[in-house]
Structure formats: C-alpha cells, structure tokens
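Only one structure is covered here, and it is reproduced in the block below.
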Amino acid sequence: MPVATLLPFTATPNRKSASPTSFRLTEKFILLLVFSAFITLCFGAIFFLPDSSKLLSGVFFHSSAVETNTHTGPDSSDAGSAGNDDRLLAKIKKDHEKALLEAKDTLQKLPDVIQNDILADKAKVTKESMGKGAKDGNNLPFIEYHRPPGATGLEPQDPETRERRAKIKEMMKHAWDSYKQYAWGSNELRPVSKHGHSSNLFGSIKGATIVDALDTLYIMEMFEEFDAATDWVEKSLDFNVNAEVSVFEVNIRFVGGLLSAYYLSGKEVFRRKAVELGEKLLPAFKTPTGIPWALLNLKSGIGRNWPWASGGSSILAEYGTLHLEFMHLSRLSGNSEFAQKVMNIRKVLNRLEKPQGLYPNYLNPNSGQWGQHHVSVGGLGDSFYEYLLKAWLMSDKTDEEGKKMYYDALQAIETNLMRKSTNGLTYIAEWKGGLLEHKMGHLTCFAGGMIALGADGAPGDKTGHQMEQAAEIARTCHESYARTTLKLGPEAFRFDGGVEAIATRQNEKYFILRPEVIETYMYMWRFTHDPKYREWGWEAVQALEQHCRVDGGYSGIRDVYASSPNYDDVQQSFYLAETLKYLYLLFSEDDHLPFEHWVFNTEAHPLPVIRKDKTDRPNEVE
C-alpha cells in the first residue's frame, strides 16, 4: 500500500504546495498561537479552578462516579450536575476518613502482624488475579498450599532416645557433607575413591542424591543444607536430556522426592519440576494395553523393556509403583491424564486370571498376557503390593478397589508363599511355576512394615493375626542380620539345606545400605512401642558406623560374613532417602510424620493423605 494512502495528510512529492485554500506562513503562525493559548487555558482550569480534584480523579483514576457523570447525555440539566458533584464530594470525604482510620489502626499493630497482613493480602490478590481454573506462567493451576501436620517433630522426651536420634542426624550430615564435597551434582558418591558415581538407571539426569535427600534434610531440620539443595534444583536440575531412563527409578526417586519436598516446604520450584518430569514420563504408556515400558528415552519418547525380562515383559514392581506419585501429579497439575494412566493399569490387571490369586512378576504390554509365572514379594514384585495398600490409605480410605486388591493379594501370599522354618522363623518364599524357592530377599523384609500398616483395616477379625505375622517377619529379618559376622543383613537368605536365615551363595552376601529391615522396625515401633525394635535399630546404627562409615561417606559391603569389610565404594542415594530417614523416625515421637496424615512412597518420600472432605476444593492440598 502507498504511503500516501496510509498518511493522507502528509505532503507527497506529487502534491502541489499552492492552492486556493492554502494558508500563508503568517496566518499559520497566528493560528498556532491561538491554539497554544487555548490549551494553556484548559490546563489552568484543571489545576486552579475550585473542585478541580474531582476532574483530576476522573481523568487519572477513572472514578466510577465521574464516569457516571460524564456519561450523561447533552441534555443533562445543571441541577442534576450539581447533585452529582455533591454526592462525589461526600464520597471523597468518606473515603478520606476511612483511609485515615485504616492508617491509624495499622500503625497500632505490631510489625509481625502488619507483615502477616501484607502477605495475606498479597496471596489474596494473587489468587484473584489467577481466576477460577487459571494457570500461572508455568501452566500450573493455582494451589492454596497448606503444610500437613508433622513435617517436623518435637524432641524425644527420653534422654537416651534424644541422644541416639542426634547421632543419626550426625550420620546424615556426614553422608551429605561427603557427597557435597566430593560428588556435588553427580547422582551418587564413591566414598572410598572420593568422586562421583552415576548409574545408567537415570540416563544423563543428574543429582539423584540431592533430590532423594531433600525431604530427609527438611525432616531433620537441616535447613541450610536444604536451601543449598533447593538452589541446585532450581538452577541445575535438567530433564531435557537425550537419554534412556528407568521409568520406575526416576519416578520413585525424582518425582517422589520433588513431590515430597513441595509438600513439606511449599516451594513452587518442586511442584513445577515434578510436573515437568511427570509429563516427560507419559509417553512410556504408549503401548497397546497402556502398561508402561520399563525404559524411556526422555527426548524421543520411545520406550522398551529390559531385554532380560520374560518375552519383552513389563515388570510388576515397576508398572505397579506409579500410583501414589501420579495421583498427586494430577492433583498438583490439574491434568487428569496422570491418574487415568495408573487407573488403567488396574483395569488391565483385573481382567486377567491370577494363578492361585497371585500376580506374576511379568506382563507383556503388547498382548496384555502374563509372562513367566514367577511370583515374588521381594525384587520384581514388592512395591506393587505396597502401593495397593497405600493407595487406599492415601485416598483417605475411599479407594475401595485398591483396598480389595491388596487384601485379596495378601491372602494369596499367606496361603501360597508364607512358610515357617523348622525352628519357627516365618518367611516369604518365591513361587516359580507352582514350585517354591525357599529364599527370602532383603527387599522382602519391607513386608513386615506393610502388613502392620494394613492390619487395622484387615477384613473380619484378622487385625491381630496380621500384626502377629508382621512381628514374625520382623524377627526373621533381624535374625538375618544377627547371624552375620558384621551384623548387617545379606541381599538374600535361605531356608533349605539345613540353614535358616543365612545366605549360602556368594552373590547374595552383599549389603548395599538397604533400608527395608529398618523400615519394618520403624512401623513396628509406631504400632506396638515394643522397645526391642528401637534396640534392633540401634544395633544396625552401630554396625553401619563400625563397618560402613569411611572418611568420604558410607559404603556398601561385598560380604557381610567376612571378618572385615570389603567396600563396594558406592553411597546409594536411597541410604539418605530411606535408611537414615527411617532410623531417625524410629527414634522420633509419633507426631513426626504421623501415619494419619502421611503415606510414604517406596523410596520413603512422604506424601500427604488426600482428604475426602476437601473434594469441594480441588485445587487445595491438605
């Protein structure tokens, strides 16, 4: 389009400068003087005439009263205008008096009260500006944050208990300071060689120990360390990687750790990062059945299963250990897709026939059929059962489907897998195609705590029976520790060939700082207050200090039956996330992360119960 058409009053080279209607230069100058005088007169009227304040308020502050007055038509009478002016003056006077009273009232308040009022007003304005269903700059819904009870607890009243808990906090500080000094930003620490260690489970995502330890730091009130970890998460935690990760491990450690840190501290960076990572895991569910892949490339979204898993199957403990985190992701993101994905897994499982009521460890995500009939409450199966129970508890006991699946599965486990040794030790064997292998893994020792946690909701009159089972499993697992040279438990122990609770194979004699036995002690203490559980926990503390502590942190051991430790040179991230946290809670009061308000994910990250009486406020957490 030609410039002349856009600017019709701009002279163009083609336009004649002289015409019958043109002004001379002198006439133009006179007109300019007149116009300037008129403008000066108008502004003088605004600033100097009486009652000019109402005109200013109408021009600059859009007073509703002025707008009402100026919107009257050209036929408005002088009397009506005078009435409007009187009302406006009265309103200005009233507002002025109100402002003076508010200022006087504010000046009489204490500084802390004034600060709280400011924060409350700020939150109110933020919420109103977000609007219903509105989203912030990160496309997340507004959440009215309320910290659930028990994020931190009181000091134990008993002096010995208080001293022991302080010792466990010192152990956490040693583990954390060593990691920070020698491996900051790496996934894990090599405490003997004093440098970073990275597992292929996390691809090229960094900082597993930082994220895994966040809630432990907060719970132990190590706030300076927590702030340093928070700063790293905000500036350096990056999920935009072209790498293959374990969906299960990344979910329980990273997503779980971030969610827990958010619920404990209220810091938005954790919610934002958790949802971001959760969204990157969603392509894992793109299978014919919706059963997710075990491995996922976070950039391409291409998934696959472990090549060693039966016929390309997904693993029960992996696809069955997403429920708690994904339900909270839906709640915090406003995206129901997370919840739909994990609820679909249940639909697939409920359509399948279970051999003897048991859930095999392998399920093909393409055909939706079981793979090899191998059943375990330890590795490959463990946390699936844990999450059925905890899904019910986390739903404020409204998830009846999860409850039924758990208690039905527990009954099948008791009937088919739970056995008693010649000398009276209760253990949970493994089931392979109908044949029992009389082996119990360290991982299986979590079951004592799980059964105790669910005993109160057991059907019929089975509560007492299940508490007895839990206590018997705790005793068996304690025996697996007591019967070693170093008083630390092996990876697996057997009940055949004349041995009980002892590892007989070299590849089962290692200890990698696992938490499951301590976890069961903690649950049993909470439910029974039997002092033996604290004593057993303290035995473990002494063994960890004597045999696993090195100058650069804590290391796993290759053979717990050897006379002296042979270090594996890895400080696992779950040592800080689980083992030390459960030990600390074992020596804490019951009001610290109380079970009626919190549920622990399988990496010991506490998540709040989603209260059924807050369904009318979907964007509010407890």
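Cβ atoms are placed via backbone N, Cα and C, with glycine included.
Looking up Cys477 in TrEMBL gives a disulphide bond to a cysteine among Cys445, Cys548, identified as Cys445. Cα-Cα distances to Cys477 (disulfide bond) place none of the recorded positions Glu249, Asp382, Glu491, Thr602 within 10 Å. In this view, the densest Cβ surroundings among the active-site residues Glu491, Glu516 belong to Glu516, judged by other Cβ atoms lying within 10 Å. Thr602 (Ca(2+) binding site) sits 9 Å from Asp382 (active site), counting Cα to Cα. In this structure, the active-site residues Glu249, Asp382 were compared by how many other Cβ atoms lie within 10 Å of their Cβ, and the smallest count belongs to Glu249.
On a Cα basis, Cys445 (disulfide bond) lies 10 Å away from Asp382 (active site).
Here Cys445 (disulfide bond) is compared against the active-site residues Glu249, Glu491, Glu516, and the shortest C-alpha distance is to Glu516.
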